[in-house]
Amino acid sequence: MSLVCVENVSISYGAKTVLSHVSLSVDPGEIVTIVGPNGSGKTSLLRTIIGAVKPARGRVTRGSDVRLGYVPQRLHIDPTLPMTVARFLALPRGVAPEAIGDALTQAGVPDLSKSQMSRLSGGQFQRVLLARALIGKPHLLLLDEATQGLDQPGSAAFYRQIESVRRDTGCAVLMISHELHVVMSASDRVICLNGHVCCEGTPEVVASAPEYRALFGSGTMGALALYRHDHDHGHDHTEAAE
Amino acid sequence: MMLDDFMMRATLAGIGVALAVAPLGCFVVWRRMAYFGDATAHAAILGIALSLALSISVFAGAMAIALLMALTVNLLTGRGYAMDTLLGVLAHSALAFGLVAVSFLSGIRIDLMAYLFGDILAVSRMDLLVIWGGAALVVALIGWRWSALLTATLNEDLAYASGIDPRREQLVLTLALAITVAVAIKVVGVLLIAAMLIIPAAAARPLSRTPESMALVAAGIGSVAALIGLRAAYIFDTPAGPSIVCVAALIFAALSIAGSLRTSAS
């Protein structure tokens, strides 16, 4: 039984179609990563799953008791809005103080509950966002470029945290990332998106797929030495986004 | 009976408005919609003119037009014009149409100044009822939606993921703003309503660690400004509405300076 099921979904903004006929599903406990170039519809797909975007066609179904935890791409808190970490985690429904402590510990920042959100560093901020997503004990964690603005060691540490969260809680993870080499080694399944699903499978399969190579070239594969295969035929993507 | 005293009625009216605008003013500051309050208030002049022409209650007329204005802005945002351009067009044209409409009302003499700057000393018992009723309604509305509004203010997608529709929350805020404008016209007038929304909330910022405390402190500052402002207006024979705003502005200045001194000392 899948946690969430995207069936044949198309999304348009005005006359512009950003996604066409995308289908995917996420099963309990698996880590699925969506990769794709800028403008490939990754964020739109995630926003459709949380209900922020209505698909033009197709449908998104999720079990009635499936809880989502969402970590947005970026979050700007206006400096005029005073907000402690603890208060932020308790939004919108209010939670027990112990749950706040647990979630912060799980996200790797146990001592921050009394800090002001505006005083946090980039890495602390992302972990607090993660803690907020974890506090409702989600079945499915959705992350949209959650390591944006972190340096390489910072984002590597962040993804190790995600793996340990999955190990401890058994939740499934669906994430978007541009850091292919870091993310792919931690994923069970990779979906390569460019207006449509180009290819999907285990990291090894996707990394060697001609469609993936056509999008990212073999140049980005340096750090992906583990998955390097030499397929040399082309794959034309110029009309993929239409 | 204490309500017989016009100073007592004015004080109660001022405090009623201060309490209603405090939580709303915080959202106006956090969401950077300061100009939105201005625009709604300007539109209310048109509502006043229409209600005098149709002989309906000024409160109802002002509220209807303020509401219409707010809904129009809600509807038109994100359709090609920047928010401030849109508000500028709507606010000033509503004000102009309002002033033109007033000039047609030859049969009735109306004191436009009273609506531009408020006439808190002329507050009647009936007005007091409307002000406190409206204030209670606004505070109840904002209190009921508080957490959802706060989540939607932080981030729309975060709201969606929690099952909150941010557009609906925006509508609640807009509705509360329209009621507030209609209620506060008599007290501070059209031109100074935005000041009462923003100044106490901004003054409360350096003293607050959570959104809730900021709203409470803003209510306190607004009430103190109303008390002192009215007293000062009585002593120095100055216009009451502007005097209240002046006191609020002085409190803002004092707290800002104290806040920055404390920050640089630590």
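Even glycines carry a Cβ here, placed using N, Cα and C.
Please treat TrEMBL annotations as automatic predictions, because they have not gone through curation.
If you check TrEMBL, you get these features:
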- B:6-30: transmembrane segment (TRANSMEM)
- B:42-69: transmembrane segment (TRANSMEM)
- B:89-108: transmembrane segment (TRANSMEM)
- B:129-150: transmembrane segment (TRANSMEM)
- B:170-203: transmembrane segment (TRANSMEM)
- B:215-236: transmembrane segment (TRANSMEM)
- B:242-261: transmembrane segment (TRANSMEM)
Contact between the transmembrane segment (B:242-261) and the transmembrane segment (B:89-108) (at least 3 Cβ pairs under 8 Å, separation 6+): no
Intrachain residues whose Cβ lies under 8 Å of the transmembrane segment (B:170-203), provided they are six or more past its termini: 13-14, 16-18, 20-22, 24-29, 31, 34-38, 40-42, 44-45, 47-48, 58-60, 62-63, 66-67, 69-71, 73-74, 114-120, 122-123, 127, 130-131, 134-135, 137-138, 141-142, 145, 149, 152, 214-215, 218-219, 221-222, 225, 241-242, 244-245, 248-249, 251-252, 255-256
Non-local residues, at least 6 beyond the ends, that sit with Cβ under 8 Å of the transmembrane segment (B:89-108): 35, 38-39, 42-43, 45-50, 52-53, 65, 69, 72-73, 81
Remote residues contacting the transmembrane segment (B:129-150) - C-beta distance under 8 A, at least 6 residues beyond either end: 12-13, 16-17, 19-20, 23-24, 27, 59, 123, 159, 164, 169, 172-173, 175-176, 179-180, 182-184, 186-187, 211
